[in-house]
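In Swiss-Prot this protein carries:
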BINDING   89, 112, 114  Mg(2+) 1 binding site
BINDING   112, 115, 277  Mg(2+) 2 binding site
BINDING   115, 116, 117, 118, 208, 241, 271  substrate binding site
């Protein structure tokens, strides 16, 4: 049995220039995940369920657990001194870590502390998403938004933690995707899936079909394609949608499938955040042999203009994403007007 800590150190030894800072940073995320795991499991017994009564910069109600997870992860990252600052879905602006080693720290972290938190009240899987970049600004100076507004191709590492029937941490540093399952009796994450790859073909599609009337024509056509009978392509595909990006992505990664959150009439730019959700998941998907686009463009190539920028998102088994892109190209939005 190999633990997450042992695995990370082992991989670090493969690079003679490695300084151990990224290892320490990932260890901080691991600690934050353990704390969130512990408190999610007793969420119904203490007063951390439901809405907090405040809204984020996007005008969305923040759940108590959103804020709790944000504070715990922020504290864990700040304590290690390997991070110059963070950007979070739950923060209006970047958070600069002052003092200690922070000003000379090499990395910045972007995160969605608790994805799918609206599901927690009914005991449905939720998750944490993180993305790590090297800072652009000079060491010894305060970081700026410039350090965070980098395309996804610049990511050093990315991953997520899914809190479900078991808690699992999945990450990549650009050398494959690896998954670790938490053993609460030992307090450690143990390697359970090494070099995870998407199956060559998929048979699941994940999309909120309740918004069908608002979808672009190409997406509507693709959904109908998924539902049609065709033995050669093993259709109809199975529809599976949890409403938690981490949970839907994780299932499709292991089983084969596509996750879609397109632009809609009410959210023409898409709803998912490019920096906190799309980029890290796209990095993981590509490292696992999958594909991630906004329906036309590769997600990782998009140069962000603002912290809370949104994007349409198509991610999963490569052939399924390419099929969806084909329908979008064949039936452009103009035909739906």
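Here the Cβ of each residue, glycine as well, is placed from N, Cα and C on the backbone.
This view paints the features noted in Swiss-Prot onto the structure.
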| residue | record | DSSP (3 states) |
| --- | --- | --- |
| 89 | Mg(2+) 1 binding site | coil |
| 112 | Mg(2+) 1 binding site | strand |
| 117 | substrate binding site | helix |
| 208 | substrate binding site | coil |
| 271 | substrate binding site | coil |
| 277 | Mg(2+) 2 binding site | helix |
Cβ neighbours of residue 114 (Mg(2+) 1 binding site) where a neighbour is any other Cβ within 10 Å: 31
For residue 277 (Mg(2+) 2 binding site): intrachain residues, at least 6 apart, with Cβ closer than 8 Å: 89, 112, 115, 129, 245, 313
Among 117, 118, 208, which are binding-site residues, the residue with the most C-beta atoms within 10 angstroms of its C-beta: 117
Sparsest-packed of the listed binding-site residues (89, 112, 115) - C-beta count within 10 angstroms: 89
For residue 241 (substrate binding site): DSSP state (helix, strand, coil): coil
Integer Å distance between the CA atoms belonging to residue 114 (Mg(2+) 1 binding site) and residue 271 (substrate binding site): 16
